[in-house]
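Please read the structure below before turning to the comments.
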């Protein structure tokens, strides 16, 4: 005998759960945070702790480390690889890897430098065969981007052809735009091979890593160097500083904007009865950013020149550049549909596909983002060095960038990470390189220590992931 | 008896040489729970995927509210109001409940999502289903238990003003209390006027919540009966042999592939 249950008793099973909560008290939030830490959701905490201990260690071992000049120098040294790392975060988020980002940025840097040195005459700089091949590859990138429906990639690649063929005279802004366009064209090719053809990103980008290295060598020539330090704008990107007024304006806009956004959002959510963090914690966060920002600005606006006859002061240009990129990247990942879909593809590709997300397009587009941002990184590191040589973007550039992202807490397995992670990780690696350099350690020691730091970060990632997997019942 | 909201006629599907579905007919009525049962490999999941647009049927007709429709992808099915809750849940672990419920159909402009509206709608939906099992709608799915995940997956499917919800083994991996919750939820969906298709291996669950039972046997629809007209034993016979007394496939040899 069977019957249809018409009146199920709903109260039998929900006794062991709480009710929906929207606000927590501060102590609850702290407990919740601690329990999440125990559950393996470490975020960027290990990197922040590492950063603090490194700063203390080097400050004790070297009296130069905490000098203003060195700090400003450190920011400029680390900016290029940090920017590449920011791009790589996008690729890591969907669970892929881009080993070619470093040399791809080198290609963008080489084209930038050649455009400047040859006064816009790329045909003369490359020779006709290479020039035709170069433009054919750009055209291919346009076609592939159209097939993938990654429209910004297609537009930028097409713009690269226009700039390259039109032979406009040297202009630093056009050169930087060209570098960005070349980077994005490279990303279209990588993205197509990975997402549409379906090759593992490791293999594709390993092959392209070698290919782009050869391309740089072809563009610059064995033993050649293309100097760009004679261009005031290109030189200032990584070596110039904001004026005193502009430095404080940056602080007001940056810290004020952050406060306005955080507080505005917080109180709007509170009013509408949505899930929020406790007010004291939000205020603490905003206050901390304001205090650190003010202190940093005050220190960087002091004259830090070791030579009394010249004055060097003001916040380096790389700071607003990195902060701007950080803001845009964070906004895209957290507040836009595109960013949400990146996380979804990284978290569960099948779920994303079933939700109607164009997984191929998303996976391809992150490579375009990565290479484009890497090209911006190339502008900064080329400017820092003042020239582009055949080793640009080679050697450790890429490993440092991937390392920076991972050290900051971005997972190599996809789905977890923030652009801010790259900034923290990039700072850690810049401090290691800078500090060991000040202590007159050999390149061997620097390489070993950097490698061990990266290994440590990957270990933390793997362990916390395992913990999270077992912790979730 | 009400008109079926979703009807399938003569649906065939092959994967290469393997003929998975043979001329399958199925009717789903609003306000009723139709249980879809069958042995492993009978084609239950394939049938659901054909309805959901994950696989394209080779031939056959699908009628939605009496009108023939063509479902070519998950989007088409979603546009009609057909939602599927998969066996493997199809939730992204790293996203929270709200983000998962709105995945692929986020509110707000593409360049600025409307988080507030999504969060409120998610909470309302959970409340309308009397779901009080999650602590906060901003909890990441990775922190939820199996039953809670199933609840979120089901709540996600009703968020869209859906007409038909297909549940693929919603209780397979759950404990007793959690199974209870999910079955209550299934019943509540039907009471809200949705057509519900429940795939299950568990006869107790099937007899508890379903109004009708459709039995697949080796890719053929062996029987579609009212739950109150059959016994446990008959349904088990239908599942294992394709027929039971007068019910089921007419001649056993037609069922042998």
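Cβ coordinates come from backbone N, Cα and C, glycine included.
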What range among A:343-361, A:419-437 does TrEMBL record as transmembrane segment?
A:419-437
Using TrEMBL as the reference, determine which range in A:69-85, A:154-170 is annotated transmembrane segment.
A:154-170
Can you work out which residues elsewhere in the same chain, 6+ from the ends of the transmembrane segment (A:443-463), have a Cβ less than 8 Å from its Cβ atoms?
40, 42, 46-47, 50, 396, 399-400, 403, 406-407, 409, 411-413, 425, 428-429, 432-433, 436-437
Surrounding residues of the transmembrane segment (A:99-117) on its own chain - C-beta under 8 Å, 6+ positions past either end:
84, 87-88, 91, 125-126, 163, 170, 172, 174-176, 178-180, 182-183, 186-187, 190, 202, 204-206, 208-213, 215-216, 219-220, 226-228, 231, 234, 370-371, 374-375, 377-379, 381-382, 387-388, 391-394, 397-399, 401-402
Beyond the flanks of the transmembrane segment (A:45-68) by 6 or more, those residues with Cβ under 8 Å of it:
37, 299-300, 302, 304, 407-409, 421, 424-425, 427-428, 431-432, 434-435, 438-439, 453, 457, 460
Most Cβ pairs under 8 Å to the transmembrane segment (A:393-412), of A:202-221, A:241-261, A:314-333, goes to A:202-221
